[in-house]
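What follows is a single structure, written as structure tokens, with notes after it.
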Amino acid sequence: MSEHKRYNLHHHARLSVAPMMDWTDRHCRYLHRLLSADTLLYTEMVTSAALVRGGALRLLEFDVAEHPVALQLGGSDPQELAQAAKLGQARGYDEINLNVGCPSDRVQSGTFGAVLMKDPARVAACVSEMRAAVDIEITVKCRIGVDDQDPEYVLPEFLARIVAAGCERVTIHARKAWLQGLSPKENRDIPPLDYDLVHRMKGLFPNLHISVNGGIESLDAAQGFLDAGLDGVMIGRTAYHQPTDILGTADQRIYGADTQTTAQDAVLQMLPYIESHLGAGGRLNQVTRHMLGLFAGRPGARLWRRKLSEEAHKPGAGPEVVEAALAQVQTVIQNAEDAPSEKEQSNA
Ligand SMILES: Cc1cc2nc3c(=O)[nH]c(=O)nc-3n(C[C@H](O)[C@H](O)[C@H](O)COP(=O)(O)O)c2cc1C
């Protein structure tokens, strides 16, 4: 059984950053953790087959600074998922999350992801086997339904089954997945969002910790869902593209702490991490690609992005690229502060 520190995940899950393949890798999570100490972070999806049959344990590597961090698994074989969950627990993850929302072709061919919304008995078996195999929390991320299902009927039935099987928290991406005819990207935008249904699920399952996901683009919107009675909010794309807006003030606004982190703080704190990544043979761009949005909507954002995009992939590029990009941003900020405001000019 796991011996590492226990986090109050029901608390941390008030806000979470969604699992996103190719985006929420360990470098991204390290950055997000610098911006927010409290927000719950999710890995990219890792398939149980890759871990159990492929022995790809390197996929589980992460930095202790990332806690609390949840491992998202993809799969549909209860025994295999249970073994994968054990590997995740042994590696030190705080939660195991089952992906029942991803509609990609590759995933459909392995009968897992969103297609499992059609087979709640199997999902319940998966949850139950994982529940028996580990003592960390087992959670599920699902859609409201797929294809021609009527979410009003299938979602409560689905939730009842997974709760009975031992699922302790659920995140509901508040739109259907259409398994035919839409790309994974379209499936994140085209099926309409139904937040009301998620609120009704909270009414039906008052003891289940329910997070809402899909199309939430600000902390104000997140707070609105919490105020309306939901237990958590999961944000994906906006947290990735505007990490400072979503995470930099999350500890203060969502968790009541008295700290906030600026983009500049985060950059400075990333430098030692970058040094050690390069020292271990990594490339600068593997880390900085997740940092492009740090100044989004702020002075110097364009220069920052451009400098990193143009130089971080070059062979031998090191932290000096990041320092130079930051210096450019600081110059823009300084010039903006030094320039007389329009009001001052008109008074002159
Ligand atoms: C690039 C990308 C990769 C994603 N990969 C996963 C994944 O591995 N597992 C998963 O459950 N959802 C995945 N999603 C879906 C997100 O977790 C989230 O449900 C979706 O983006 C809706 O939230 P948002 O509107 O806040 O972005 C992915 C989304 C994106 C944009």
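Cβ from N, Cα, C; glycine included.
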Item checked: Residue in HIS173, HIS277, HIS290 which TrEMBL records at the FMN site where PRO19, MET20, MET21, GLN72, LYS141, ASN213, GLY214, GLY215, GLY236, ARG237 also bind -> HIS173
Notebook entry, point to check: Which one, from the binding-site residues PRO19, GLY215, has the smallest tally of other C-beta atoms lying within 10 Å of its C-beta?
Noted result: GLY215
Check: Among the recorded positions LYS141, LYS185, ARG237, which have a Cβ atom lying under 6 Å from any atom of ligand 1?
Finding: LYS141, ARG237
Notebook entry, point to check: Do you see any of the recorded sites ASN99, LYS185, ARG188 whose C-alpha is within 10 Å of GLY215 (FMN binding site), and which ones?
Noted result: ARG188
Check: In Å, rounded, how far does the Cα of MET21 (FMN binding site) sit from the Cα of ASN99 (site 'Interacts with tRNA')?
Finding: 12
Item checked: Nonlocal neighbours by CB distance (under 8 Å) for ARG237 (FMN binding site), same chain, sequence gap 6 or more -> MET20, ARG188
Next item on the list: Quick one: average pLDDT across the domain 'DUS-like FMN-binding' (17-327), no decimals.
Entry: 96
Check: Which whole number of Å gives the largest C-alpha distance between any two of PRO19, MET20, MET21, GLN72, LYS141, HIS173, ASN213, GLY214, GLY215, GLY236, ARG237, the residues noted as binding FMN?
Finding: 20
